[in-house]
Amino acid sequence: MQRMNSEHLRDLLKVYFIMGSVNCRKAPVKVLQEAVAGGITMFQFREKGTGSLSDEARLNLGRRLQKICHANGVPFIVNDDIDLAIALDADGIHVGQEDTPALAIRQLLGENKIIGVSAHSFAEAQQAIADGADYLGVGPIYPTSSKEDAKAVQGTAMIEELRNKGITIPLVGIGGITLQNVAPVLTAGADGISVISAIAGAEDITTTARGFVYKVSLSGT
Ligand code: 3NM
């Protein structure tokens, strides 16, 4: 099996919704169904933080969310947990700098899985690419309360720096992104945006997701 084509991945990353049960104000299955109805292009199951599910409950929720993704042609990515990604045969995995390096994950999961890596500097981006990452997550762009150990807010500067220094692989901005502040992230060079609370916590999830799809389409990425 082959690595996913970068241009296809750029499309899939446009509106990349991330959540776990702690991010939801109603049943996670319902939240994901509504987000999918609004046109999200990729989904990451991130079951993390105080009160998050573990073991069987985690696996079962993952399975239910994955089913919704598959029924709608939305790739299902698992955050950090390689065992869970393997158990579910997820479409890919997203890892941070403190997690297993992309190189080891690539060897474990094979060529046909999507591997995303969080990068906060040019050096981290270069290393991730050398290790076989398919895309980079760059943030936090704006202040966020969804990640307990978030690094310092960097605005769009790091995205610009990475693009100016010749990093061309698919890239998403993350952290505090809303319908009101999404445009500069794309102008800076991101292919798409990753969002937790602006979608998971929205009054009208479907309309909000649809709003992101529209805003990203306006930037012509
Ligand atoms: N990673 P929200 S910021 C999961 O900077 C995550 O790498 C970040 O949630 C990073 O859209 C973040 O609610 C949280 O701000 C994003």
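The backbone N, Cα and C atoms fix where each Cβ goes, glycine too.
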Among Ser6, Ser118, which is the one TrEMBL gives for the 4-amino-2-methyl-5-(diphosphooxymethyl)pyrimidine site where Gln44, Phe45, Arg46, Glu47, Lys48, Asn79, Lys147 also bind? Ser118
Rounded Cα-Cα span from Asp80 (Mg(2+) binding site) to Phe45 (4-amino-2-methyl-5-(diphosphooxymethyl)pyrimidine binding site), Å: 10
Using only the residues recorded as binding 4-amino-2-methyl-5-(diphosphooxymethyl)pyrimidine (Gln44, Phe45, Arg46, Glu47, Lys48, Asn79, Ser118, Lys147), report the maximum Cα-Cα distance in Å, whole number please. 17
Taking all protein chains shown into account, the Cβ-based neighbour count within 10 Å for Gln44 (4-amino-2-methyl-5-(diphosphooxymethyl)pyrimidine binding site) is 24
Binding-site residues whose CB lies under 6 angstroms from ligand 1, from Asp80, Ser118, Lys147: Ser118, Lys147
